[in-house]
Amino acid sequence: MSWGSELWDQYEAICTHTDHEIEFIRRVSSFVKDRIHAETVYAKELRKLVKSYRKREEEDSKYTNIQAFGKLVVETNDLAGQRELIAEYLQNEVFKPLNELAKNTTAVRRKMMLEGQELHKKLKESMDQLENAKRIYRKASEEKEVAAHALDRADNDPQSTKAKIDKLTQISRGKDQAGEESRNNYILQLEATNQYRRQHYTQLMPQHMDTFMQMNTDHINTYKALINAYAESHRRVNPVINTCLDNITAGSDAIDPDKDNRQFIEERKTGYPVPGNVDFEEYQGKIKKKEKDKKDDKKKLEARDFSHLPPEQRKKRLIKKIGELEAAMEKTTSDMTAMEKMKTIYEQNPSLGDAQQVAQRLAENAEKIGIIKSEIQEFKGYLSEAGSGGSGSSTSLQSKNGKSPAAKKKEKVKEKKEERPRATSKLSSTDIEVVSNNSSTAAHPSPQGSTDNVKAQEEWFSDDEDGGSKDQSGDAGVWIMVYDFEAQNEDELSCRANDIVTIIEDLGDGWLRVRKGKDEGYVPQSYVQKNS
């Protein structure tokens, strides 16, 4: 089925149809252009919206509903980026090809229209030649008929002279000859015209119209591919969009009203008892003694033991302070381990550095550790005092470096394995400088305290050589949990106040590995005390 065979007499309709097809392509192109503009504006408005709703510095993100909204805003910004990608893809893969298709199809149609006009012109010329030959033939036939009629009338007229009859006879013969020639020309032109006309309608025009149909087919196929590209502009970003929506849903699923309520209680709970009745106060007089010095001393004490805070908030601050001190002690101990190895290397090879200088720094760090230990004991005393009124806070004391005790223990063992082969190697001046800079100068305590601290430090190093932990499973007495502890990592063990536990291992970093029934895990050292 083709236009040339089925629509041989609908050439004008074909021309009109192809023109409408081109106009349709231009209309689709205009639609895509407006769609690109809409996507661009939409993405711009989304980004503007996200910018106006970004998290404020004063906004508390500890609550799950606020965290979910923050995730929603972030994912909305990503969705805006996907709308920009859609607009860019439509611009490059749909809009520009549509314009090119309309331009090329218009050029091809114009060329084919000229070819069609040329074919119709030749057919018209052939038909005009036939019409001219026919007109000449008719005129010659009429003149022949008139001449014959005049000759018959002269022959029948007695008054006609012989000369007149001869003249009319000669004219009639000339007209007969001219009529015969025009008739033959007409027949020849008719045959030529019919032959070209037959060729025009059976070969030339069908081929021409089939070319039109092929042009129309090609541009429709191209249009079809561009519509698929239009859909692809969405399909290619759907995975990212679905991921954004999944993240928003995950944030919504993570909203926990009970957790938010507990969080607010933890932040605002003072621990004060409910106020009782107001007592009657006797009149004390207007004159009161000044106690400025005592108040100043009390303020200084409050600034150190956090007693100016409500009970629950004081416990949290004390636990945080103990964690900071234990982290500082761990760092100082790590520095001492490195300096101890450096001292050994310097003693073996004095050309690399001064072992006495390293020994001096070791002594300073040992004093510093003694001070930190005394401060830890001091703040643990404050914590015991704060928790003596009942069960302690459920806030867990976490390692400040963000790593679980088991992970830190593995790192220590790995560090020792890596450092031992380097004990006999040379150290560069850069290595010496780095270690020296990591060591900080501590204040000098009393001589007795210094001796005790050095002795404690020696015990620390002896433990560290065995893997950084001490086995205390054989310790006599009962160990009891002083506060509630909620496990935050898989290697920690959740306990409640007054739970009886057995100490398995002391890492020396503020964490103890304990056993409660059949369960084992890590708990903060400050949460456990021996029940004498």
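Each residue, glycine too, has its Cβ placed from N, Cα and C.
Unlike curated entries, TrEMBL annotations are predicted automatically.
Of the given residue ranges 155-184, 275-304, TrEMBL assigns the label region 'Disordered' to 275-304.
Feature coiled coil, per TrEMBL, maps to range 113-157 of the set 23-67, 113-157. The domain 'SH3' (474-532): residue composition by secondary structure is 3 helix, 30 strand, 26 coil, according to DSSP. The predicted model assigns the domain 'REM-1' (308-385) a mean pLDDT of 85.
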